[in-house]
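Straight from Swiss-Prot, the features:
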- 240-323: domain 'Ig-like 3' (DOMAIN)
- 338-432: domain 'Ig-like 4' (DOMAIN)
- 440-532: domain 'Ig-like 5' (DOMAIN)
- 627-744: domain 'Fibronectin type-III' (DOMAIN)
- Asn42: N-linked glycosylation site (CARBOHYD)
- Asn235: N-linked glycosylation site (CARBOHYD)
- Asn247: N-linked glycosylation site (CARBOHYD)
- Asn257: N-linked glycosylation site (CARBOHYD)
- Asn307: N-linked glycosylation site (CARBOHYD)
- Asn432: N-linked glycosylation site (CARBOHYD)
- 780-799: region 'Disordered' (REGION)
Amino acid sequence: MEVTCLLLLALIPFHCRGQGVYAPAQAQIVHAGQACVVKEDNISERVYTIRESDTLVLQCLVTGHPRPQVRWTKTAGSASDKFQETSVFNETLRIERIARTQGGRYYCKAENGVGVPAIKSIRVDVQYLDEPVLTVHQTVSDVRGNFYQEKTVFLRCTVSSNPPARFIWKRGSDTLSHSQDNGVDIYEPLYTQGETKVLKLKNLRPQDYASYTCQVSVRNVCGIPDKAITFQLTNTTAPPALKLSVNETLVVNPGENVTVQCLLTGGDPLPQLHWSHGPGPLPLGALAQGGTLSIPSVQARDSGYYNCTATNNVGNPAKKTVNLLVRSLKNATFQITPDMIKESENIQLGQDLKLSCHVDAVPQEKVNYQWFKNGKPARTSKRLLVTRNDPELPAVTSSLELIDLHFSDYGTYLCMASFPGSPVPDLSIEVNISSETVPPTISVPKGRAVVTVREGSPAELQCEVRGKPRPPVLWSRVDKEAALLPSGLALEETPDGKLRLESVSRDMSGTYRCQTARYNGFNVRPREAQVQLTVHFPPEVEPSSQDVRQALGRPVLLRCSLLRGSPQRIASAVWRFKGQLLPPPPVLPAAAVETPDHAELRLDALTRDSSGNYECSVSNDVGSATCLFQVSAKAYSPEFYFDTPNPTRSHKLSKNYSYVLQWTQREPDAVDPVLNYRLSIRQLNQHNAMVKAIPVRRVEKGQLLEYILTDLRVPHSYEIRLTPYTTFGAGDMASRIIHYTEPINLPSLSDNTCHFEDEKICGYTQDLTDNFDWTRQNALTQNPKRSPNTGPPTDISGTPEGYYMFIETSRPRELGDRARLVSPLYNASAKFYCVSFFYHMYGKHIGSLNLLVRSRNKGTLDTHAWSLSGNKGNVWQQAHVPINPSGPFQIIFEGVRGSGYLGDIAIDDVTLKKGECPRRQMDPNKVVVMPGSGAPRLSSLQLWGSMAIFLLALQR
């Protein structure tokens with residue numbers, strides 16, 4: 001019955017079978033890149049090892065229907081400093097020149113909406129070996145009461161690698177081992193992870209002054225070669241020592257040229273010098289040459305720490321730092337502090353008053369303050385005190401304190417900051433003290449408490465400050481914790497009380513606080529007010545686009561909903577059909593007025609004329625947004641079934657193949673029933689397509705439909721387009737590319753022929769113990785300079801696209817060289833098998849073609865089953881070889897090179913089947929006649945008659 005079903009499947013071009021083939025996604029990860037090794041640590045742990053800078057290729061093989069969508073994600077590995085995720089929506093993940101930080105666990109997530117998603121993972125281990133670093137440390141200790149000293153040297157070798165490196169220490173060319181003698185010790189320091197090894201030379205002896213090599217190895221994993229570093233230890237080896245040509249703190253005036261020299265005072269080997277600057281890089285124009293640093297025309301922005309570092313891998317690096325200070329004065333501010341003891345916030349006669357002055361200076365401690373009253377220097381007295389460092393204010397702040405304020409103390413006070421003897425200009429600020437000097441108040445102008453603007457427009461928030469003097473206004477946000485102002489600052493100063501915002505966005509909406517500053521005015525509790533900013537923006541609706549399918553004659557309801565907007569309401573809704581304005585929907589009773597958050601349109605019955613694009617434009621008086629509906633009775637696209645087992649079926653003695661195309665119909669009940677499908681078949685790289693109509697009966701959801709594509713040419717690929725048709729007309733088209741793939745040549749009840757058209761060559765492999773390999777080629781890939789008068793011009797089919805396997809016997813091949821092509825391993829399930837194949841042996845130097853059977857029952861044993869030698873003419877001939885393996889076996893085609901270069905041998909169309917070979921062998925000298933060459937064929941009626949008789953015999 002199984003054979004009957006298979007034959008019926010082949011005879012009937014189309015049929016429907018099965019229900020509910022929808023299946024959840026299944027996934028499996030395989031590698032296809034430059035992997036060193038893939039280890040299976042346990043059932044759930046797979047490790048993919050790859051060398052750094054190689055190409056990572058992972059494939060997620062999926063099954064399930066509909067075809068699952070694949071997404072790759074990654075979590076951080078050991079070399080990554082933080083969690084990271086990358087998404088790749090493709091079945092193949094490819095990373096060129098992979099870096100160590102890209103190691104980690106990769107997840108393949110496959111989902112198709114049926115059941116739960118399938119998630120598989122694999123850990124990618126990136127292997128690398130950096131250059132080792134060797135440092136030398138020396139210690140000297142007193143022994144036996146200072147009678148003599150012991151000198152101990154530590155050679156520390158560090159390397160970054162994965163996997164952990166193996167360390168080999170050498171003195172000269174001799175390898176050192178742990179405790180080799182009393183003077184040598186090798187150990188791993190504490191708190192290291194295998195990346196460091198120390199060679200300790202105790203009580204240094206004359207023979208210890210030598211060349212030492214640290215060789216690191218990862219045991220050639222991934223082909224990574226060993227690396228080494230060498231150090232020459234002498235009795236003059238010493239760490240670096242430095243001194244500077246200037247003081248550690250260097251104060252200069254702006255515009256001067258600065259030169260600092262870093263001088264070596266010791267070190268063997270000769271140390272390397274390096275200049276750096278913090279924070280940031282060296283200034284533009286700065287020149288570091290050896291130990292000399294030059295900065296022309298220095299400016300205030302060039303202030304900072306300049307570091308000179310000397311290294312020679314002996315001891316610790318030597319470092320000297322110069323703190324460069326470029327004199328500058330900026331940001332002069334003052335404060336008026338009423339009598340703090342009496343907690344007063346106003347200036348009153350008879351109470352104390354303090355005026356403070358501060359300037360941001362470099363160097364801060366060198367600034368000099370002077371106070372003036374009404375243009376004359378202020379003189380200290382019992383009632384007028386001047387302090388340089390007020391402990392209640394920022395460092396180096398000068399204060400002038402008036403005790404028991406009198407009317408005569410009113411006037412204009414000026415604070416001047418300077419660097420005596422420096423060309424830096426003085427900086428001054430003045431404050432007027434009078435009966436009109438009052439603390440500030442702040443308020444929001446009338447009508448400005450709420451500011452409403454459209455998104456993208458400028459906005460201005462304003463607070464008015466009254467008082468004398470008027471301090472700056474500081475702005476901040478209130479309603480959002482830790483929120484920053486549009487400028488990126490948490491607090492922004494405005495001199496006129498106006499906060500100007502350019503091109504506001506919706507996230508700028510909220511409450512803003514304005515408050516008085518405690519500088520350049522009264523040093524009292526800040527006064528504050530609030531301004532509300534409202535940003536209006538156009539509405540956002542859903543769905544922005546929706547595909548609505550419905551059968552003809554059924555009602556349709558279209559709804560456009562408001563998601564967000566400011567204001568959050570629908571002011572108007574306008575419907576259009578194919579660009580034409582529709583009349584407003586009928587007015588509903590007051591109790592059923594449509595809610596303000598959506599708009600609806602009802603179609604009583606869908607017709608061909610009412611199918612098309614509908615637009616709903618929703619407005620909130622600020623802007624509008626559109627819902628787009630594509631309404632039709634079109635059928636959804638077919639869903640190709642990709643899990644068909646062995647969809648490709650090749651035909652013996654021809655270069656045609658058939659393909660089993662299977663699919664389901666997506667949501668068949670959503671529209672009118674599918675009447676037929678239109679199938680378009682186009683060979684890739686060609687323009688013409690063949691179109692067929694496939695009638696069907698009522699299609700159920702999940703029902704698997706099938707059609708066998710015949711007369712496809714090996715090894716071409718085809719584009720398949722499938723379109724469903726209903727009473728409405730053509731539905732959505734689905735397309736896919738089908739490729740010819742040869743199955744692994746497993747013996748079965750039916751003949752299974754390998755044409756070598758696929759790169760996988762049916763699972764055949766090249767033997768690793770022979771002298772050279774078989775080559776797969778066709779007439780299009782032949783070497784134009786190949787030897788004439790040998791080898792076939794085409795394969796057995798006579799088409800230029802057809803492939804075959806052959807041995808090239810030109811140089812450097814020699815007499816007796818062997819090439820072996822080994823089949824997959826077969827499990828013997830029958831007593832007899834027959835191996836059929838075509839061979840081509842043409843040329844005066846033809847050697848031998850042998851067929852061997854490799855038995856793997858008890859060990860490995862190769863047995864000769866067939867052999868042929870010499871020139872057999874420029875024709876393809878067929879051989880049938882019976883074999884009777886006793887257990888699992890492989891067949892081997894062995895080509896042996898003859899006495900010269902005119903000895904190419906080819907094979908094609910290898911078939912392995914159960915049972916005995918045909919008793920009547922084909923004449924080995926008879927040319928095989930291919931289809932289309934004029935050979936007689938059975939008519940279709942004769943074929944049907946023979947098949948019918950065969951089916952009746954099977955049923956009996």
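Positions of Cβ are set from backbone N, Cα and C atoms, glycine also.
Structure with Swiss-Prot features highlighted.
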residue : record                      : DSSP class
Asn235  : N-linked glycosylation site : coil
Asn247  : N-linked glycosylation site : coil
Asn257  : N-linked glycosylation site : coil
Asn307  : N-linked glycosylation site : strand
Asn432  : N-linked glycosylation site : strand
Nonlocal residues around Asn257 (N-linked glycosylation site), in sequence order (Cβ under 8 Å, 6 or more apart): Ser294, Ile295, Pro296, Ser297, Val298
Cβ-Cβ distance under 8 Å to Asn432 (N-linked glycosylation site), same chain, at least six residues away: Gly411, Thr412, Tyr413, Lys468, Pro469
Beyond the flanks of the region 'Disordered' (780-799) by 6 or more, those residues with Cβ under 8 Å of it: 653-655, 713-714, 755, 806, 808-810, 838, 840, 842-846, 874, 876, 901-904, 906, 908-909, 928, 930, 933
Helix, strand and coil counts within the domain 'Ig-like 3' (240-323) (DSSP): 3 helix, 49 strand, 32 coil
Cβ packing number for Asn247 (N-linked glycosylation site), 10 Å threshold: 9
Candidates Asn235, Asn307: member of the glycosylation sites with the richest Cβ shell (10 Å): Asn307
Separation of alpha carbons, Asn307 (N-linked glycosylation site) and Asn247 (N-linked glycosylation site) (Å): 13
Averaged pLDDT score, the domain 'Fibronectin type-III' (627-744): 92
Secondary structure content of the domain 'Fibronectin type-III' (627-744), with strand meaning DSSP E or B: 3 helix, 62 strand, 53 coil
Separation of alpha carbons, Asn235 (N-linked glycosylation site) and Asn307 (N-linked glycosylation site) (Å): 30
